[in-house]
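Marked as S-adenosyl-L-methionine binding site by Swiss-Prot: 89, 90, 108, 109, 133, 134, 153, 154, 155, 156.
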């Protein structure tokens, strides 16, 4: 296995680039829970600090960063509502980035998957797993505070509508949304580019300002991620 040569801070807070002796590069985050990985990712020790390799084929946020995301609104101390947290791959890296003074509320609909997320959260006190249906944000309104960032990764035909509805409940004015658009979950017959355009129009008609649209290929085929700001 290749060995790490250097670890450098990227232009995004708490996100690093690991260079290996074979000339390859990987994203990584500083491990909040030293000695433990989450999804089989490599742990990297460098100058007395442990980092976790961030696999862009397993995490759409990592893919977006490698595909040129200009700014990451998730930083140290950020409060995040994550819809579609699944078993905890991406939200665990969010946990590393926001550190202990941040909070990551993870909504997941599947009881089986939430059990896996709970295991991750047991070691990460800044992750708050919620077994809930993202279509009904009122069901978790009593436990989720207003957040700085809404991250949405759900496979529903009305995923953008669900995101907008949650934003009205929880996203601060001038807060940011990272919306994963899964073209094949919306319409298998249309060109993905047409779908991305239509979903962005929905956002802009609901007081969101589009900042950037990123096609996630080759990390995720027929997926895009949209960074937008909520004007309230």
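Keep in mind that glycine also has a Cβ here, set from the backbone N, Cα and C atoms.
Feature map: annotations from Swiss-Prot on the structure.
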residue : record                               : Cβ contacts under 8 Å, 6 or more apart
89      : S-adenosyl-L-methionine binding site : 38, 39, 58, 59
108     : S-adenosyl-L-methionine binding site : 84, 85, 86, 114, 117, 129, 130, 131, 132
133     : S-adenosyl-L-methionine binding site : 109, 139
153     : S-adenosyl-L-methionine binding site : 60, 82, 83, 84, 86, 90, 180
155     : S-adenosyl-L-methionine binding site : 84, 182, 185
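According to DSSP, residue 108 (S-adenosyl-L-methionine binding site) sits within a strand segment. Secondary structure at residue 89 (S-adenosyl-L-methionine binding site), taken from DSSP and collapsed to helix, strand or coil, is helix. Among 89, 90, 108, 109, 133, 134, 153, 154, 155, 156, the residues given in the record as binding S-adenosyl-L-methionine, the maximal Cα to Cα distance rounds to 20 Å. Secondary structure at residue 133 (S-adenosyl-L-methionine binding site), as computed by DSSP, is coil.
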